[in-house]
Amino acid sequence: MGYARKVGWVTAGLVIGAGACYCIYRLTRGRKQNKEKMAEGGPGDVEDAGDCSGARYNDWSDDDDDSNESKSIVWYPPWARIGTEAGTRARARARARATRARRAVQKRASPNSDDTVLSPQELQKVLCLVEMSEKPYILEAALIALGNNAAYAFNRDIIRDLGGLPIVAKILNTRDPIVKEKALIVLNNLSVNAENQRRLKIYMNQVCDDTVTSRLNSSVQLAGLRLLTNMTVTNEYQHILANSISDFFRLFSAGNEETKLQVLKLLLNLAENPAMTRELLGAHVPSSLGSLFNKKEYKEVILKLLSIFENINDNFKWEENEPAQNHFSEGSLFFFLKEFQVCADKVLGIESHHDFQVRVKVGKFVTKLTERMFPKSQE
């Protein structure tokens with residue numbers, strides 16, 4: 001019995017070993033055949049990705065590597081086991097492939113590279129990376145490449161014609177703040193083009209909501225404000241932001257200097273449009289807005305805010321719109337401007353503000369505001 005049992009164990013071991021060898025053979029042979037299919041232009045074992053066929057996110061090749069293996073996915077072979085020498089080597093090779101993928105995209109995204117300007121075919125590959133990849137570092141590098149190329153006027157049309165606008169806009173749904181910021185930067189560069197603006201207007205509400213709800217003074221918030229500022233350079237799409245003006249004043253009141261200045265650039269675009277005057281006057285402003293003039297605030301911030309007030313005052317016909325003034329609620333910008341004389345008296349005081357230019361501009365604005373708001377009292 002002992003001998004028969006020993007023979008049985010040996011036989012079983014041989015069968016299991018042969019089976020394992022055969023499985024490894026099939027796996028390696030399958031990978032080789034799949035690579036040959038892809039090298040010949042076929043889809044391999046990956047389903048066709050529509051317009052991105054032949055340029056999927058795992059087809060990006062590194063100029064420094066002769067291999068056509070996938071470099072954007074960290075792929076661990078079935079035989080890679082933790083704690084084994086073979087597994088350690090396999091994982092090291094997988095990490096190396098991922099690193100090469102990142103460098104391959106970043107090489108083209110680098111401003112110091114000679115390959116900064118991509119051809120339409122290369123832009124198509126980068127767009128496919130953005131569309132198909134789920135790896136944050138791949139998305140980040142690809143979006144940097146797109147952002148750099150979108151800075152060139154001739155590439156803005158190419159990226160649009162390749163279907164890049166909805167591809168990049170879809171990334172706005174991500175929760176990764178770094179990736180979202182890069183997507184906003186790409187859209188900001190693309191929005192300089194008039195046709196791109198026409199197509200991007202459908203995303204303005206989403207960008208606006210994300211901007212006002214993002215962490216205060218964050219990179220995502222600033223990138224969103226820059227995009228909205230670009231989208232409101234012309235008067236055509238400013239009405240989309242009419243319901244968010246109060247939120248912008250809230251950001252202005254609570255934000256740091258950089259956030260304040262970016263909000264003011266956006267509000268200045270709106271203030272230059274006479275059609276947006278009523279929306280601006282009806283917006284709720286924080287009570288802390290008046291205290292801005294009581295302290296030694298940044299000079300540029302106060303001067304830009306006064307420029308906004310001047311544009312609103314010039315565009316609003318106070319005497320003609322006297323019946324409509326009853327529609328403005330307490331706490332609105334309209335009532336703030338009516339009571340601006342109180343703030344101005346403090347600013348004009350010698351001890352209130354150290355900058356002579358600010359005090360002069362405040363004095364001129366108050367005089368102009370009084371003449372426009374209370375013309376009958378001047379008679």
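Count begins at 1; order follows the chain as displayed.
Including glycine, each Cβ sits where the backbone N, Cα and C put it.
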Out of SER61, SER291, which residue gets the phosphoserine annotation in Swiss-Prot?
SER61
Which range, 89-98, 129-138, 159-168, does Swiss-Prot list as region 'Nuclear localization signal'?
89-98
Checking feature assignment: region 'Mitochondrion outer membrane (MOM)-targeting sequence' per Swiss-Prot, candidates 1-6, 271-276, 355-360, 361-366. Which range matches?
1-6
Intrachain neighbours beyond the repeat 'ARM 3' (233-272), with Cβ under 8 angstroms and 6 or more residues off its ends
194, 197, 201, 204-205, 208, 212, 216-217, 221-222, 225-226, 279-280, 283-286, 288-289, 292, 298, 300-301, 304-305, 307-308, 311-312, 315, 333
What are the DSSP helix, strand and coil residue counts for the repeat 'ARM 3' (233-272)?
32 helix, 0 strand, 8 coil
